[in-house]
Amino acid sequence: MAMEMRLPVARKPLSERLGRDTKKHLVVPGDTITTDTGFMRGHGTYMGEEKLIASVAGSVERVNKLICVKALKTRYIGEVGDIVVGRITEVQQKRWKVETNSRLDSVLLLSSMNLPGGELRRRSAEDELAMRGFLQEGDLISGVLVQVSPSLVKRQKTHFHDLPCGASVILGNNGFIWIYPTPEHKEEEAGGFIANLEVISRLRNCIISLVTQRMMLYDTSILYCYEASLPHQIKDILKPEIMEEIVMETRQRLLEQEG
């Protein structure tokens, strides 16, 4: 059996190339954001000597007159309308506790759960007894869960994507990404269990490569990275030199698309 061993080396970040995502206003704690007193203070900022100052390291975001700093590394803070991927941690009375990468566990009520077959009715005592049959602690069924920083998931109108490679991804705003075989994919196109597993594994390594190089995750960037990785074996994608090559090609295609 062939085995390859490598010594750890410092990873060199990719050269800053001029995409739109590199034009963000980045600050560290203590940086002055603005001296204009007409702006309102938001999360991650405070007022000092008539200046708006950053209290966390991150990117400055402005909504009308409100300025806040979105931290680069933080636990997920939910917002209305977010798509969230979670994992069951505990089954309780008429509810599940769900890990969603936030400061506290989330709660999924039995009354909010879709019954098998889409049946619409009141939840009964039998449904409560069968809760572990619906969702159980640690369930990961027919897919792979990848956890990344929430700041790297790009906000879009839809976070459910069926990729042409035969797999689908759910990009949770909380940094949890679920990769699974596309249900409607025809069997003759899918290629069976082994082929599905290879596609999912390749997508997983591509996402890790993008995250390592701090690139935003959305359907186009993931698909371009997947296509750039096809000449390489799945196990080789995470080698530093191949990872850099794949991500550089992905970034170049994205820049060409942006025009």
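Yeah, the Cβs are placed from backbone N, Cα and C, and that goes for glycine too.
Same-chain residues lying 6 or more positions outside the domain 'Exosome complex component N-terminal' (26-63) and placing a CB less than 8 Å from one of its CB atoms are 69-74, 151. Taken from TrEMBL, the feature domain 'Exosome complex component N-terminal' applies to 26-63.
Here TrEMBL flags 75-142 as domain 'RRP4 S1'.
For 143-183, the entry in TrEMBL reads domain 'K Homology'. Over the domain 'K Homology' (143-183), the average per-residue pLDDT in this prediction is 92.
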Per-state residue totals over the domain 'RRP4 S1' (75-142) - DSSP helix, strand, coil: 15 helix, 17 strand, 36 coil
Close approaches to the domain 'K Homology' (143-183) from elsewhere in its chain (Cβ under 8 angstroms; 6 or more beyond its ends): 58-59, 70-74, 76, 78-79, 82-87, 100-102, 189-191, 195-196, 199-204, 207-208, 210-211, 214-219, 221-223, 226
